[in-house]
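Right, one structure below, let's go through it.
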Amino acid sequence: MNPYILATLLFGLGLGTTITFASSHWLLAWMGLEMNTLAIIPLMAQHHHPRAVEATTKYFLTQATAAAMLLFASTTNAWLTGQWEIQQMTHPLPTMMITIALALKIGLAPVHSWLPEVLQGLDLTTGLILSTWQKLAPFALLVQIQPTNSTILIALGVTSTLVGGWGGLNQTQLRKILAYSSIAHLGWMILILQFSPSLTLLALLTYLLMTFSTFLVFKLNKATNINALATSWAKTPALTALTPLLLLSLGGLPPLTGFMPKWLILQELTKQGLAPTATLAALTALLSLYFYLRLSYAMTLTLSPNNLSGITPWRLPSSQLTLPLAVSTTAALGLLPLAPAAVALLTL
């Protein structure tokens, strides 16, 4: 892709998210989301592969549906209450419609079916943008409207953690596994949204860190399915040793970074008298942990069935920058000791 066109599209992506962040009016927020969608579509379809085109079409249709629903709900809210302010969502009907529209935008269950299919059709770089940057603007709106209907949020959260764990069990494609992992993590964030928005943002931040790092590892190894991971030890032995830790951090095991948000979320849910919900969420985390362990096993404890010439550590020098990978992996593994500082910040 022409670097000028690429720069323009990336600028559009950044600007769309920034407009949504800064807006207090529903029309402006909707405009930011639309800019975001339109900027990523050429990036998704740039390889002219039938899979990429199909994924782009699916993404466009779901995002257009969600945007239309959002616009309809905000217009309904203005009609019922006379308010266009994002913070002034007082009527339950438009609030619920907007919550569902934003759930469709980010791929929460039960409106998640598009996410694994779309992610599977993209290359790892665009998949990384879709799994991280594209979640920010809808999340900013969700945190701002503070949905008053707690039942729908808990239902969305529990369903997402269940579907995210269950759906990834039978997958062999890494991008689909990461999509289901994304659905499960988003479920955890939505569960706690009404009780502690700052905790939701902490969970989002750690999710972004860990997903960024995982995508970069797969990109460096040029791996798109589980079998391709088995050859990575010959190319990058040190990274192959660290990657299982990274995957277990995604699964939420102590003493890794991924344990911090899960621990604080379970604690907060128990404080709010929702011990059964907390127990169910903790059990669904075991489902996710199974497929992360499967990836770790494939990467470190199995050898690819190749002949000797296939496992010699030859490779062309990678053009990928390794500094972002090094920084994000370190952060994704070692931030748990900062948990007391995070708790202190959350209680300010």
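Just so it is clear, glycine is given a Cβ too, placed from its N, Cα and C backbone atoms.
Heads up, TrEMBL stuff is auto-annotated, nobody curated it.
The domain 'NADH:quinone oxidoreductase/Mrp antiporter transmembrane' annotation in TrEMBL covers 23-287. Sequence annotations record features per position, and here TrEMBL assigns domain 'NADH dehydrogenase subunit 2 C-terminal' to 289-341. Residues or ranges marked as transmembrane segment in TrEMBL: 60-81, 93-115, 151-170, 177-195, 201-220, 232-253, 273-293, 323-346.
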Model confidence over the domain 'NADH dehydrogenase subunit 2 C-terminal' (289-341) (mean pLDDT, whole number): 78
Any contact, the transmembrane segment (201-220) to the transmembrane segment (323-346), with at least 3 Cβ pairs under 8 A: yes
In contact by Cβ distance (the transmembrane segment (60-81), the transmembrane segment (232-253); 3 or more pairs under 8 Å): no
Residues from the same chain, set at least six apart from the ends of the transmembrane segment (273-293), whose C-beta lies under 8 A from its own: 154, 157-158, 161-162, 164-166, 168-169, 171, 177, 180-181, 184, 187-188, 191, 247-248, 250-253, 262, 265-266
